[in-house]
Amino acid sequence: MSSTSNENISSYVIFKSKGQHINTSYNPIDIHPIHPWIVYADSDSNIVIQNYQNNEKILNFSISQHDEEKKEQILLLQKKVPTLSALSSSASGINGTNNNNSGSNSSNNNNNNNGSLSNSPNNNNNVAFIGSTGGVDSRSASVTSIGSGGGVVTPINVNSNSNSNSPSVPTLHVIGNQTLHNRSPNNTIKLSPNSSNNDSLNNNNNNINNNSTNSNNYLNENLDKMKLGQIKFIYFYDKHTRSCKDKKPKISQNKLQNISKAQPSVGIEDYIVVVAENRIVFINYHSQRLREVKIPAFENKSPNSVEFFSNSPFVAFGGPDSMIRLWNTEKWEIEKQLAGHPKGTIVKLKAIEIEGEFLVSGGTDGFVCVWNVKTGSLATQFSKVHEIVDLSYDYVTGQVMALTQDRHIMIYDLNTLKEVSKVSCGKKEFFSIEAYYHSRFNQDLLLGMKQPAQVSFFSRSGSTKEYSIDLDALLNPSKKEKSKLYKVVQHPLQPHLLLCWLNKSVYIVSTLATSIPMQVTTFNSLSNDHTVYYPFAGYLYSSSLTNVLTCEKVQTPIQLSLNENYKLDISPSGKYLSIHAISSGNYQILEISTWKILEKGQALDVAWSGKGKDSTVDEKFGKLEKILESVDSVKKKKTLGILPSIVKSTKKEETVISKILLKTKEFNNNNVVQELLLHANEDRISGGLMLGVYHKESTNSNGTLNYGSGGSIGSGSGSGTISSGSSNLINGSVGGSSSNNSANSNNSNNNNNNNNNNSNNSNNNNNSSQPILEPPIITTGEETESKSFQLLDWWTLQPVGESLPPPLKIYWDQNQTHCAIAFTHYFFVFKLRPTFHMLCRWSLGITSAVWHNNTLFFSTHNDIQCIFPHKHESSPIILASSTGNVFPEDLYDLSSGSLSTSKPNQSFSTLPNIKPTGPISLIEVNNEGLVLLDSNYKFYCIPLTHYLLKFFILAQMEAIDLAMKCSTMVDPKYHYLMAKFLTVRGHPKECLQMNGISNFLKLQICLNNEAFETSLDIVPLITEAIKSGQSITNENNNDEEVTLSSMGKMCIEIGQRAQNKNEYPTAEKAFKLATSLEPNSAYQELALHYVFLKKMNELKELQQSISTTYPLESNLISLFLD
């Protein structure tokens, strides 16, 4: 393993199957595109659906147990309904009885009572006929008739005179011991030759006793044929998987309108497809009902591959006979057979849905064929190569990639139907290939290798080096047992999630923190425009955000290596740009106006401060440097210096202790520098309004990994270690960060003697021909287990607050009022003024975020949302999702003003409501909308012109007057949400202007937010409506009728609550208002109110005014006065 990378990757294990011994013969496993589910088959062939976020098993289904229950039902039914064997045995018993007791009717009667056949005087061969109609022949006496449907007909007793001289009845034998469910199609019965009476009598009891056993044996033989065998493939097949496979260009507006179509009921088409050695089963994971796929060609040999289509009911099976069979899941029959593939087992199928449905197949014969599914014909066939191991289709480029047995990757273009390129895999033997887009890796192919267990990234152009993740070092650092990677599955919508079948366990490994595209934005005062800078194709590019969909990518003179991953950061003033190379540690600071290099060097990490009072002066630049302190045990000398790129130990007795030095300086004419010596484990920082320092905790246990910069890192107290059982979460900012893995790579390869010159010179890094490997990282994904992140003040370098769990990213508001701290599965929103305190917590894992006027726009795995942080949570706005569902539903309707002044999101790939596939980065909010960037560095713009969204943003900015003007354009059905939004922010009076909510609901909103004065202004409006006979809507409780008396009681409640809040004038107003609605109780409360405030004059006036009309309350007041 090469240790040239100094990067501490942000990969972490978010799921691991615990205590399970999973069969690895075929590795059946799949991951759901929408729900956090995986499905796999355990060692007992049970189908397990498990939630990989909380480890909860949602389904544990046993097909074999289902078959056993079916067998028991058949046997139970068999006991109730006699079989033909039982009839034959009873018939032979009658023969013996008749011969030995001729003329005796009692024996015949007893046998008839037991359901046996009696002798007819006119027929020597009595046979029970069991036909499709279930009728009973007149020649049989007391026979239970069985229809084809399994129904039982009441026995019919026929009285007949037995003839003692009649010949013996031949014995009945059923072919193959046929039973109710295992009968020949024509229901034929074979008659044996006439046997002797004595033999029949001797064998009568044996036939009766063995009857049930023979039937059971036959049933077991047939059920053995139905045994599942080992499970080869398992897939989710429901409406979500079909929707995610639909990646055709959505250029029609009708595509958006079709989203509102009624979806099928839950569970109707939600299947798990199980392909085993002996059977193909569709399991409805809601009802747990099974449906068998009966294909005669697969009775002896099961299919080798399965593929699905998004908008057709076909499932394609690649068989061992070079045939492809299309199974129609609606008709439940074979729709077509695609013949013409040369001899050889078809190992892989891929569905291609462009303009029509096409299917690509590849086999051991070395041919790659393209089929037209609609016509069933062979569209094209590429030249023969070596045996095809795996296939992949890239819907972005329209290319087909074929992995061959001779360690090559064949790339075909379906537009030109020609071979594009041929990439060599070197000496590595891979078993799988997938198209891959990940901003962290410049490569665009994902390959899996069994042993050593590695996931490798290749480039189709061959211009970049191979980049590999060593899963054996990542998940098994003890090196006691080498791991084997049997299968790797890429998440359909989240390419940073890799589902790995490693040894006998299932892992989900994520590189989420570094998967989103790297970019920075700044405001150009000269052009009055925001500009975004990003690495692309070996150079630093810039684009204007004003016309982001039409502007050209401007190439700057700054050249970047294709083999590097960079972290970009910009100064608060927007004048300076820092570029930090993750692997080599080189950094440079550029002046954007001239692209002049102001400073360069080496550092573990760099960061900029947030905006100060004067952004041109109060901006600071910070960097981390690793220093070493070497101690010679003989000379007792200490030396201190910057750690060079290559450290070679010349004396065995030397001990090297590594330390971290934090340097910050004001980036102006003064260049005042501050230094802070940190612990050896602190090797990463984050910028913003406050300086964040990451610290990796050390544990002393077996299998520890020493973190250093190569050379002889001793066991001194300064060396950082992390064990295989460490609970620390290694996090990273966008684009990755920090370097702590050189010694990791060094130690992980000591046993293999591959550690010479592990810490290669960073200047020679790009020229190295060896592949770059991921360092071994052991993580758990649980941030609560470790508080290893500390915020510091930029100017004093003193800690601010307590230590926090290490976040993935901190998003600071430009107005310095809010910040969002993102963790793996949740994020916090903090308010910075007047004190640093938490506002809210959301259980969502965000991948990117941007602030705009106190509104947070963020992206998750499946959608793009915006929230309006407040101590009282409000409903988020869903701007786009992978399924196309948004909120509000009319977000992009013309009537709501959404598309009236804005351009479409993308004319080629998606409409505004559909989130681009894969990780995205939110860049900026401007006049055109929300600008975002995908992993291919393609720009998108989501319009933000819906009036409800504008209202929320204006209200969040405290621009209430503008928000109320905008509210008049919003559909009244959203007025309730708007009123709630206003009242929790202290503006209940503005709710009175909204016509979409009733006065009673306005009153409830004011009461819930303790706006008592405003609520009393609404009471007269409601009472007037009641007096005039108008209907009063009670949205909270439709069963409760709103009357004058109930309004009076509500006014009394308002007065009491106002008293508790010391709002005495409001309380007095409420009690006085209640005297006209509920006078008895209101006068008492008003009198008590005056007594409490010692207003005796007002109390006397009240007594005099009610002395005649309400004498009881007047007497009570007299007691108060006395």
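Cβ from N, Cα, C; glycine included.
Annotated features, as they stand in Swiss-Prot:
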type: REGION; residues: 88-131; note: region 'Disordered'
type: COMPBIAS; residues: 88-126; note: compositional bias 'Low complexity'
type: REGION; residues: 178-215; note: region 'Disordered'
type: COMPBIAS; residues: 178-190; note: compositional bias 'Polar residues'
type: COMPBIAS; residues: 191-215; note: compositional bias 'Low complexity'
type: REPEAT; residues: 298-337; note: repeat 'WD 1'
type: REPEAT; residues: 342-381; note: repeat 'WD 2'
type: REPEAT; residues: 383-422; note: repeat 'WD 3'
type: REGION; residues: 731-775; note: region 'Disordered'
Same-chain Cβ contacts of the repeat 'WD 1' (298-337) under 8 Å, 6 or more residues past its ends?
-> 229, 232-233, 235, 237, 241-246, 269, 273, 275-278, 280, 282, 291, 343-351, 353, 357, 359, 361, 363, 365, 371, 373, 376
Secondary structure content, the repeat 'WD 1' (298-337) (per DSSP, counts of residues) | 1 helix, 19 strand, 20 coil
Averaging pLDDT over all residues of the repeat 'WD 3' (383-422) gives 87
Taking DSSP H, G, I as helix and E, B as strand, the repeat 'WD 3' (383-422) contains 0 helix, 24 strand, 16 coil
Summary of DSSP states over the repeat 'WD 2' (342-381), given as helix, strand and coil counts = 0 helix, 27 strand, 13 coil
